[in-house]
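The following feature annotations were taken from Swiss-Prot:
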- 1-11: compositional bias 'Basic and acidic residues' (COMPBIAS)
- 1-92: topological domain 'Cytoplasmic' (TOPO_DOM)
- 1-60: region 'Disordered' (REGION)
- 48-59: compositional bias 'Basic residues' (COMPBIAS)
- 79-375: repeat 'I' (REPEAT)
- 150-161: topological domain 'Cytoplasmic' (TOPO_DOM)
- GLU330, GLU711, GLU1086: Ca(2+) binding site (BINDING)
- 373-529: topological domain 'Cytoplasmic' (TOPO_DOM)
- 395-412: region 'Binding to the beta subunit' (REGION)
- 418-441: region 'Disordered' (REGION)
- 455-469: compositional bias 'Low complexity' (COMPBIAS)
- 455-488: region 'Disordered' (REGION)
- 584-591: topological domain 'Cytoplasmic' (TOPO_DOM)
- 640-658: topological domain 'Cytoplasmic' (TOPO_DOM)
- 759-871: topological domain 'Cytoplasmic' (TOPO_DOM)
- 767-830: region 'Disordered' (REGION)
- 768-783: compositional bias 'Basic and acidic residues' (COMPBIAS)
- 807-826: compositional bias 'Acidic residues' (COMPBIAS)
- 858-1140: repeat 'III' (REPEAT)
- 927-938: topological domain 'Cytoplasmic' (TOPO_DOM)
- 984-1002: topological domain 'Cytoplasmic' (TOPO_DOM)
- 1060-1150: region 'Dihydropyridine binding' (REGION)
- 1134-1190: topological domain 'Cytoplasmic' (TOPO_DOM)
- 1245-1251: topological domain 'Cytoplasmic' (TOPO_DOM)
- 1311-1329: topological domain 'Cytoplasmic' (TOPO_DOM)
- 1397-1463: region 'Dihydropyridine binding' (REGION)
- 1442-1977: topological domain 'Cytoplasmic' (TOPO_DOM)
- 1637-1754: region 'Disordered' (REGION)
- 1638-1657: compositional bias 'Acidic residues' (COMPBIAS)
- 1661-1670: compositional bias 'Polar residues' (COMPBIAS)
- 1702-1716: compositional bias 'Polar residues' (COMPBIAS)
- 1733-1743: compositional bias 'Polar residues' (COMPBIAS)
- 1816-1841: region 'Disordered' (REGION)
- 1829-1840: compositional bias 'Polar residues' (COMPBIAS)
Amino acid sequence: MSESEGGKDTTPEPSPANGAGPGPEWGLCPGPPAVEGESSGASGLGTPKRRNQHSKHKTVAVASAQRSPRALFCLTLANPLRRSCISIVEWKPFDILILLTIFANCVALGVYIPFPEDDSNTANHNLEQVEYVFLVIFTVETVLKIVAYGLVLHPSAYIRNGWNLLDFIIVVVGLFSVLLEQGPGRPGDAPHTGGKPGGFDVKALRAFRVLRPLRLVSGVPSLHIVLNSIMKALVPLLHIALLVLFVIIIYAIIGLELFLGRMHKTCYFLGSDMEAEEDPSPCASSGSGRACTLNQTECRGRWPGPNGGITNFDNFFFAMLTVFQCVTMEGWTDVLYWMQDAMGYELPWVYFVSLVIFGSFFVLNLVLGVLSGEFSKEREKAKARGDFQKQREKQQMEEDLRGYLDWITQAEELDMEDPSADDNLGSMAEEGRAGHRPQLAELTNRRRGRLRWFSHSTRSTHSTSSHASLPASDTGSMTETQGDEDEEEGALASCTRCLNKIMKTRVCRRLRRANRVLRARCRRAVKSNACYWAVLLLVFLNTLTIASEHHGQPVWLTQIQEYANKVLLCLFTVEMLLKLYGLGPSAYVSSFFNRFDCFVVCGGILETTLVEVGAMQPLGISVLRCVRLLRIFKVTRHWASLSNLVASLLNSMKSIASLLLLLFLFIIIFSLLGMQLFGGKFNFDQTHTKRSTFDTFPQALLTVFQILTGEDWNVVMYDGIMAYGGPFFPGMLVCIYFIILFICGNYILLNVFLAIAVDNLASGDAGTAKDKGGEKSNEKDLPQENEGLVPGVEKEEEEGARREGADMEEEEEEEEEEEEEEEEEGAGGVELLQEVVPKEKVVPIPEGSAFFCLSQTNPLRKGCHTLIHHHVFTNLILVFIILSSVSLAAEDPIRAHSFRNHILGYFDYAFTSIFTVEILLKMTVFGAFLHRGSFCRSWFNMLDLLVVSVSLISFGIHSSAISVVKILRVLRVLRPLRAINRAKGLKHVVQCVFVAIRTIGNIMIVTTLLQFMFACIGVQLFKGKFYTCTDEAKHTPQECKGSFLVYPDGDVSRPLVRERLWVNSDFNFDNVLSAMMALFTVSTFEGWPALLYKAIDAYAEDHGPIYNYRVEISVFFIVYIIIIAFFMMNIFVGFVIITFRAQGEQEYQNCELDKNQRQCVEYALKAQPLRRYIPKNPHQYRVWATVNSAAFEYLMFLLILLNTVALAMQHYEQTAPFNYAMDILNMVFTGLFTIEMVLKIIAFKPKHYFTDAWNTFDALIVVGSIVDIAVTEVNNGGHLGESSEDSSRISITFFRLFRVMRLVKLLSKGEGIRTLLWTFIKSFQALPYVALLIAMIFFIYAVIGMQMFGKVALQDGTQINRNNNFQTFPQAVLLLFRCATGEAWQEIMLASLPGNRCDPESDFGPGEEFTCGSNFAIAYFISFFMLCAFLIINLFVAVIMDNFDYLTRDWSILGPHHLDEFKRIWSEYDPGAKGRIKHLDVVALLRRIQPPLGFGKLCPHRVACKRLVAMNMPLNSDGTVTFNATLFALVRTSLKIKTEGNLEQANQELRIVIKKIWKRMKQKLLDEVIPPPDEEEVTVGKFYATFLIQDYFRKFRRRKEKGLLGNDAAPSTSSALQAGLRSLQDLGPEMRQALTCDTEEEEEEGQEGVEEEDEKDLETNKATMVSQPSARRGSGISVSLPVGDRLPDSLSFGPSDDDRGTPTSSQPSVPQAGSNTHRRGSGALIFTIPEEGNSQPKGTKGQNKQDEDEEVPDRLSYLDEQAGTPPCSVLLPPHRAQRYMDGHLVPRRRLLPPTPAGRKPSFTIQCLQRQGSCEDLPIPGTYHRGRNSGPNRAQGSWATPPQRGRLLYAPLLLVEEGAAGEGYLGRSSGPLRTFTCLHVPGTHSDPSHGKRGSADSLVEAVLISEGLGLFARDPRFVALAKQEIADACRLTLDEMDNAASDLLAQGTSSLYSDEESILSRFDEEDLGDEMACVHAL
């Protein structure tokens, strides 16, 4: 219920919903309304309840405010019908009723049993009648709501709400189905088979009614988080969905090309249509596929294909379905094996393995990345919201309390008139009036005190004491209650008196004391460590007794277990009673473990008594015995890290509970839908019953849950398709249901589990880290610190435990630190792998002698040292390691004595001797093991030594019979591990994995304990019950004898005889170990449905299964899967991911840039501009323009899409004309793409064409396609007689792929996809070492597998067969890859166990035929699965989540993936990749790049200029900026890297940081991106700041003028002057705001208006430039400066006659009185920057040449001949055509005055940022002044902020030499003053400034008072302002001076203090040139 944000007024208007206003009790005074059912006597305690009521009323009121005035065009709000509807709809019970109806409806749908063939029964018929009732209720609800809210037009109308719309559709569909049912029935229908009208199944639509429970979601806040994060993630998930779809489409089309029609041949008996095999698979009539080996069989076509013809590549849709199935990693190996049978081994494995790696490992892991990112974001938001809510509730309580107290006081005042009022009330009222209001806490405490009814004494004291202070109403209510209780109290009092007397006797006192002592002792005993360990020992014994149970155990063991159970139960009961007595009930109950103990003990007692009495079987509750095992978790008390983990698990339980609710709703909805679609339809195969069906509601739930876990979901889908008539049109649509269910359930919901786990662990991890820090710093405070964490009961022991834990942890940490010091600097995780691996440091010879005889200086030792560190030596050893590994893989596992093995044996001798020599050399250098730094002190060296010694020993023992030798031979496999020590990056990954394993330890313990507990429960439930007879008709071992007949496929003509055997299930629960094994396979989701159905059918020990005997037992498996597989395994995975992340972030800890900043800066430093070729030749240029045009791009895009469609149209058995058409189309497309290639080659010339990777790719495809056509034509022409398949084999398989590859070009088009691809490639760069580690693990396991299981015979029908075996190295690797994807790995494990048939070619002895395989298989496969599934695959996930965090990050944060765009667009401005562009183009460039990097198209030009002010890129002497500097400045400002504080200092710090991270960085590049302080030149930022200030001045001039010119002439000069000064004062804040670059608050003028005014400005005011004296003229290069508002093209900057005629003053700063010269801004300012080393006067010749190169359009020169201004060019931007297509506007350029020759221009700038401003981007810091500025000048002085609370941007100063002589660069005599109070300086006589009047002083004073002191110090500015005021007031300057003197004489001077002159000559000079950019005003 959301409270309305605002008002404190908690008394709403009465609304139709609550009906009542203030009740009668509150009649006396205004107050809170009475709520129904609440008595008038309620006190302040009622506030929370009442507050909720208020909030409800508020919402209702708000809602009514938003209601549509009319509903259905006729019902107004006053209409009684509508009012009654509204009150019904908003009545709470109505909501509850509807929800109950929804539940009832779900139940009805669930109870309904669908029958095959639309059959039915009475129950179903009755349920269909009930449907009508539901329909009526829902229809009524809908109608009422429509009447109440209106239908659709108003925003708050009924259908506008999503949930309502859903309801509406469901109701309409329901009514529609009823109408259809009433239609004429089909002949022959039974009267009660409803639901199938007109042949259309409306029940399927009815099932949508089941979506209604989703309305519950709005009631549970934690569900909101889950749903919100899923909803939020949908947008990035859509991107990924597109990528997945793209992968699927490409693979589907490749599949069509390669595998079209390959699945339709199988082995038939000669001359008949009978399939030769029971389980047929494809074959090949020729080539390298599977041949039919049985006699009388042949390979031929017309077989529908595997899975009834559903799995194939016969057309595009089948291909997509098959590819999707492979991407989900279910059943992909079957498809692969069928393809290998049909085609041979060359191509299929490449196709399928690459598909699984890309589609599953990479793309689908992105889903996880996105979800976990979104989830953590959402959780943070929710947390923030929660905190805010609590804060608000607290405020609300206080407010309510205040309201109540005021109201009580008022009531008392009214009561005062009543003489009979109690004295207490009077005093209370006084207290209230005196302001002694009780606080909320006080009131609640008193209330609590009064409720202690069991303590009479406390009550009496409270009743007396509280009367004085409680509010009157409270006291009233108390007296009432006391009145009621008086009678009882009489009796109570007498009892109490008796009791008191008895208690005071001596005996009782002694007893009490004894009791107290005994309790204290008990408490101490219970809390002692001895007791703790004793209990743990008991738990351990209990565990042992339970774990020792197994099937077929001897009688004595059973008896022992029974006795042990009873004894242990007694002991646990004693412990419980002792605790209860010692601690007291309340303290006992407060601990969670105690409550749990109590529950278990009571359960045990109950179970034992029931069994003894014989009331029940000794089974059901014996499960409770197993629950006792949970007591093991008591260990956590002494194990800090484990208890942290358990805490964080319990923490995530909360989030997971809400997720489970969502999951449950999801499963119910899909189960009901499944029942409607498939109920009773899975009976198409009569020969065997399907178990995963939708025939009843529980069964449907199980099936949906199975699909959710992804196990064999494809099999259920095949059944669904076959139920609807097989792989033809309508039946195939069924797959949509399964695909949606699988995607939503498995990918989204189950990944949210993992996301929650990762998120909670990450936050828990942070907590633990903090705790560790805390523990280290204040161990003394441990007791106090931990009091809050522990229940009061167990404080002392907890403290002890924690102290110990802390000490242990400290020791561990110290050890870790030592280890880390030994390792080379920091184990960087996944991230570091990208870094260039630095050269290994040469380890010096350690001190001490080697072999006791070679000293440190021994020449032999030195020589060896040089040798082993020589790079040739190390590389050679690496090569030998690789070669020896290859030789291992090449061995023949079957025939040990084959020729190949002999040769490899000799190689082995060679390698071993080389490695032995290496080790001896190293021992010579480092010594063996006695001293520090010696050879054997390193783990990796020990590994080397082990591997070599194993090889040496195995040479010594020759007899291969000894199993030791076999083991030693297997150990040679560890050789590749020696490479780890050689490759630095690999070492990092391995260290990372070890850290992960160490961290995972705790989780392993918790998971194993839980697994063990479930295994014990499983043993109790299922031991000995999984036995079956091979003949299903027999149920006991006694019956199961002899043989029986089998009819395959129900064919009576072919009976087979089989023997009856009594067999156990492969996975069973006969003992705890088997149970753990079985449960482990369940937790990997492999084969668990089979186990589940066995458990459901299990009946009793030594009795066969009974179909669906106990369906409820499935709860055991579901709970196990949720707790272990969903939750614990995901936490496991989450931990790995977090560990890798933490390892990766370690390297960012020491430097000041975070990961994202670092990546962006690295990109900016390393990026190079792209070259863009622009041809000179006009014809070539035309082609180039065409090829580069957008239209051409779109045309090619369209062609590729059409090509894709054409490729996708192929299908199996297509007609000859269709074939011909496809060939023609292929040629057409190839021709078109060839033309594209030729055009591009003409446009770019081959050299430039092939530099772009995409072009090279295109060329390859075109050439391949042409070859493809040629080969096809030749084949078809030459071999018409032959079968086309084999002749065109080469072309079909290989060259056809080129057609498909064109699709990949689409990827280069879309923006989002491009970014995804970019990140993919980044991930791949981060993966090489991870991939290397995976390859090593695969290699080692493959070689071990070959040695151990290579001899097992290949038998069809088993898991070790022709497609899946260990006989060759590639086969072994493929088999392991299959296990890594989890495809039935447990079956391969079973097939490798001992007792399997040996391969006939292997060398086994007589009688050893069935001895192949090994028990080692269990350890082998489980360890491999754990390593792969949990560690290795998660390395992928970790890397991907690392690189894709931008998908979920706030898009407005700049990331490295944004920066490619900059390169692309820069190349348009700098086609030659010179790395520099005109600084004017920077604005245009940045407006073309979208935020966050650029400004975006919508950014106004002037705002863009403002943002450039913050960029500190150096401006070169030719007016250009460089590529890296621009990109770096963008990154720096966007990510706020060192932008605060003093800029010089920040720059210095940043330079240090960059040097520290990128040690090999070139100094030149560093100086380019961060100019060093001593060379600071003009930067773009300063340049644009100059322009902005000048522009502001012009604007404010115009505004002021508008304001002042309207007035009539002032009556007196003095008052006119005062008005002028006042207006100047008004202007102050505006000026300050302008200077803070505050764009937001500026008043917006219409752009058109501004332009018109500009036009008028130029036409009416013939003002010219103020010329500088000729001494200032020098060589210069003109740089144009953009202005925000633009001029029409028609306006020329050319000089007019009037301009030429206007005389200009030789005095630069004092305007002529009365002249119009300085009235308004003229056309341009000149700002020239000298070219270095070029002092001759120069025009724009060089510039023009460069401009021509850049193809700059027209230019206008603006010459003022008389004034002698140097020529200056106004440049229009080269991209004008692109940028201003719509408007006829070009930016007006302003140019600044020239700088004298021979010196660099240098700005002095001070920028003071306004506080609290985030949107402004000021340039911080004090900038460097020119080289000539004095060393003693106080640089920081201007930084003193003005006292107005708002800082200002000081304008920029262009310091120049020239006419004013040395004055402008003179030394400052003292620090510059900021403004203080208003004071007028004395007259200042300065020869260079002519006469100054009193008016100047007044203007200065006003400026200073307004915080514009910096302007006041500039005499030219003051003169200008004075001139402005004079013009505005229509005074001459002399009149103005006189008026000023009069004002001062009249005593205004008392306002000013005359202490000292503000303008000293030096200050003035320093500030004088401020107007360099503004003096044209």
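Counting begins at 1 with the first residue displayed.
Cβ atoms here come from the backbone N, Cα and C positions, even for glycine.
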I'd like the Cβ neighbour count for GLU330 (Ca(2+) binding site), meaning other Cβ atoms within 10 Å of its Cβ, all protein chains included.
23
In the same chain, outside GLU330, GLU711, GLU1086, whose C-beta lies within 8 angstroms of the Cβ mean position for the Ca(2+) site?
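Result: THR709, GLY710, ASP712, TRP713, PHE1085, GLY1087, TRP1088, GLY1382, GLU1383, ALA1384.
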What is the three-state DSSP composition of the topological domain 'Cytoplasmic' (150-161), stated as helix, strand and coil residue counts?
3 helix, 0 strand, 9 coil
Across the repeat 'I' (79-375), what does the mean pLDDT come to, as a whole number?
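Here the predicted model's pLDDT, averaged over the repeat 'I' (79-375), is 83.
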Any residues 6+ beyond the ends of the topological domain 'Cytoplasmic' (927-938) with a Cβ under 8 Å from its own?
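Residues 843, 846-851, 919, 945 contact the topological domain 'Cytoplasmic' (927-938) from elsewhere in the chain.
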Where's the emptiest Cβ shell within 10 Å among the binding-site residues GLU711, GLU1086?
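Looking at the binding-site residues GLU711, GLU1086, the Cβ with the fewest others within 10 Å is that of GLU1086.
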Please list the DSSP helix, strand and coil residue counts for the topological domain 'Cytoplasmic' (640-658).
19 helix, 0 strand, 0 coil
Cβ under 8 Å to the topological domain 'Cytoplasmic' (1311-1329), counting only same-chain residues 6 or more beyond its ends: which ones?
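Hits for the topological domain 'Cytoplasmic' (1311-1329): 239-240, 242-243, 246, 362, 830-831, 833-834, 983, 985-986, 988-989, 1436, 1439-1440, 1442-1444, 1446, 1456-1457, 1460.
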Please report, as numbers and ranges, the same-chain residues at least 6 past the borders of the topological domain 'Cytoplasmic' (1245-1251) whose CB is under 8 Å from any CB of it.
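For the topological domain 'Cytoplasmic' (1245-1251), the sequence-distant neighbours (Cβ-Cβ under 8 Å, at least 6 residues beyond its ends) are 1171, 1173, 1175, 1259.
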